[in-house]
Amino acid sequence: MTTSSYFLLVALGLLLYLCQSSFGTEHTCEPGASPHPQGKCGPELAEFHETMCEVEESLQGGTDDARKKRGRASLLRKRRGFLSMLKARAKRNEASPLPRAGRGIVCECCKNSCTYEEITEYCPPVTEGSG
C-alpha cells in the first residue's frame with residue numbers, strides 16, 4: 001500500500017468516526033417511553049414550540065409592522081391546526097402494529113428534553129411576508 005493510499009484510508013476512517021459521533025446524539029424513543037422530567041408535553045409543548053418559532057422568526061428579521069401582526073394571528077391558528085393534525089397522526093401511528101421512526105418533536109421535546117436548536121427545526125420556514 002502506498003503512502004497516499006494509507007493517508008486516504010486513515011482520513012476516511014477519521015471522517016467516518018466524526019460523522020458517527022455527531023449523529024450519535026440524536027434522540028430516540030421507544031414506544032411507551034415515559035416523558036422526561038424536564039420535557040414539555042401536550043399543550044405545554046405546543047405553546048413552547050409556538051413561542052420558540054416566534055423568537056426564531058424575530059431573530060431572522062421579523063418586524064413589528066401592525067399589518068404583519070394581523071397576518072401573524074392567522075399563521076398561529078394555522079400552526080395550531082397543524083399541531084392538532086400532527087397529534088392525531090401520532091395517535092394513529094401509536095395504534096399501528098408497525099414500528100415507527102423514533103424521532104419527532106414529541107420524542108425530542110417530551111420524551112427527552114430538547115434544545116432551542118432542536119425545537120426550532122420544527123418551525124415553518126421564515127419568508128419575507130411572515131415577519
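Numbers here mean position along the shown chain, with the first residue as 1.
Even glycines carry a Cβ here, placed using N, Cα and C.
Per Swiss-Prot, Cys107 makes its disulfide bond with Cys29 among Cys29, Cys41. According to Swiss-Prot, the cysteine that forms a disulfide bond with Cys114, out of Cys109, Cys123, is Cys109. Considering only the recorded positions Cys109, Cys114, Glu118, Cys29 (disulfide bond) has Cys109 as its nearest partner by CA-CA distance. In the structure shown, across all protein chains, Cys114 is the one of the disulfide-bonded residues Cys29, Cys114 with the greatest number of other Cβ atoms within 10 Å.
Figure note: comparing Cβ neighbours within 10 Å for the disulfide-bonded residues Cys107, Cys109, the maximum is reached by Cys109.
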